[in-house]
Ligand code: HEC
């Protein structure tokens, strides 16, 4: 499968930020968590595009960040609150187990790939797998 990195970044959901106007602190915290994940994915994505120099340590740091933030997703989404402008879908709270599984899938993927990236050629398949894990959750639980 061949995807352009730009497409993968969009699939990962790193293109849209909808914070404006949200005041609820729990909602802001969960959005900030997602933004931090997106920032870490961007580090890998821009490197995969050749826009930044290959740096295996920076990739590992980004993967650690994704692992840690993904681990926080289930707790961050414990309370059902969907203010206007939130993109969270109510089905999250009908399927908390599956939602948690999808968060853990991303957490595990990131953890397993730490130390695995040896060369720039490894970045593209990594991006495809990460984008797949984001999309698996967003396609069901994000507007
Ligand atoms: C387990 C589910 C799940 C996974 C996995 C997940 N997300 Fe999300 N994401 C959500 C939900 C739900 C929202 C909507 C939150 C809201 O608007 O309250 C969201 C929102 C976002 C947002 C918008 C945040 C904002 O400021 O409005 C970005 C960016 C994002 N995700 C990026 C990612 C990236 C990148 C990945 C993969 C590396 C990822 N997400 C993985 C569930 C997930």
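A Cβ is built for glycine as well, from the same backbone N, Cα and C atoms used for every other residue.
Nobody curates TrEMBL annotations by hand; they come from automatic prediction.
Residues or ranges marked as signal peptide by TrEMBL: 1-18.
The Cβ neighbour count for residue 134 (heme c binding site), using a 10 Å radius over every protein chain in view, is 24. Sequence annotations record features per position, and here TrEMBL assigns heme c binding site to 134, 137, 138.
A Cβ within 8 Å of the Cβ centre of 134, 137, 138, the residues given for heme c, is found for these other residues of the same chain: 12, 13, 102, 106, 133, 135, 136, 139, 141, 142.
Sequence-distant neighbours of residue 137 (heme c binding site) (same chain, 6+ residues apart, CB-CB distance under 8 A): 99, 102, 103, 106.
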